[in-house]
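S.K.: Before anything else, here's the structure in question.
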Amino acid sequence: MHSWEHLCLFSACVPHCTRHSLLFILELGIMLEYENSGELKTKSIDLLDLDPSTDVNALVEEIQKAEPLITASRSDQVKLLIQRLQSKLKQHSNHKFYLFKVLRAHILPLTNVALNKSGSCFITGSYDRTCKLWDTASGEELHTLEGHRNVVYAIAFNNPYGDKIATGSFDKTCKLWSVETGKCYHTFRGHTAEIVCLSFNPQSTLVATGSMDRTAKLWDIQNGEELFTLTGHSAEIISLSFNTLGNRIITGSFDHTVIVWEADSGRKVYILIGHCAEISSALFNWDCSLILTGSMDKTCMLWDATNGKCVATLTGHDDEILDSCFDYTGKLIATASADGTARVFSVATRKCITKLEGHEGEISKISFNPQGSRLLTGSSDKTARIWDAQTGQCLQVLGGHTDEIFSCAFNYKGDIIVTDPQERALPPTERLCEF
């Protein structure tokens, strides 16, 4: 008899943001989608200094002067989008989350979970060789993506569009799927070992895959062809991500280094050398000026993305760094460690602002909510927790799991949390409970 793996959905009530025509709201900016000589292109405008007191009319005038794509006919629409972003920043996020679904997901352990941008649906990967697409509100299974011959380990939506899914497997292939139909567009073959990480570029024209074969590959979404193989690491690649412009990609490896590459040519730009143990995470900040790397050497390092130089080493943890992230403004950094604590650092001062203490096991995942006021952590102590990002106070413990939490995430609005526990048994019915 099979034991079922499940995941939990936690919900709260906050207003939402919407997608409009060719203008898309991003975390702290606006993406423009336009045609140039028949080719579809995108361009982002960051709003990192936006706050609740910003004069929106004056800001839109400044944007119009700097960006010809924002014409007078679009100004009202841009104002509306910025006002909605401003509204999100005014939210105090003092709501409580309640457990509203426990989903009977897979017959073998889950590997990862990912939400689309709106949070209307999410995907789960599993050791059962499948990826499943779920409706968040109803908990209904929309599609089972079948075809891999081994563990489905790495999964992602092509956010902010959310119409495609990529799955990376221990069978050494990556597959591209339709969200609408569940059909497979392409199977990307070429790696000689397990695929353990992947990412879409922001324009949703490329998929990057990282493998235990020590290489990363870039694939064309339209025709399914391999564009480049990124070679240079001497050990397995376990982390990769694009910057927000989509013109650069970073890969983190067990060889203790991170490499920066040009996405349009596959050329190696910099090798970030400084860690003395395996890399656990590597990512750019929003404006592409900084790179954050976490390592099993108990430190995080901050690098200048323009020249590859280390600008700070963040210390204080007593054990391996398992995850790290920027907030959406790039002003704060959060780190999660096997020592059972998390820390928040100021990017400006490079100093620790607060320490998050309360978990009774290692913390494997950490992320900010979109407003940057809360942190979500998942731990081997079978709980997820919500924290005040400034004070470090634990605001809520999300319990109900019977095993460690491997992955957890906020949706874009910050009103839904998905947790991915390594459960070994499932209650016979879905549960609804309030915290």
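Glycine residues also receive a Cβ, built from the backbone N, Cα and C atoms like all the rest.
According to TrEMBL, the feature repeat 'WD' maps to 103-144, 145-187, 188-229, 230-271, 272-313, 314-355, 356-397.
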S.K.: In the same chain, who gets a Cβ under 8 Å from the repeat 'WD' (230-271) while lying at least 6 residues past its ends?
M.R.: 26, 42, 44, 46, 193, 196-203, 206, 208-218, 277-284, 286-288, 291, 293, 295, 297, 303, 305, 307-308
S.K.: Taking helix as H, G and I and strand as E and B in DSSP, count the residues of the repeat 'WD' (314-355) in helix, strand and coil.
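M.R.: So the repeat 'WD' (314-355) is made up of 0 helix, 22 strand, 20 coil.
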S.K.: Same-chain Cβ contacts of the repeat 'WD' (145-187) under 8 Å, 6 or more residues past its ends?
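M.R.: Counting only partners 6 or more residues beyond its ends, the repeat 'WD' (145-187) has Cβ contacts under 8 Å with 19, 24-26, 31, 111-118, 121, 123-127, 129-133, 193-200, 204, 207, 209, 211, 213, 219, 221, 224.
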S.K.: As a quick check of your reading of DSSP, tell me how many residues in the repeat 'WD' (188-229) are helical, how many are strand and how many are coil.
M.R.: 0 helix, 22 strand, 20 coil
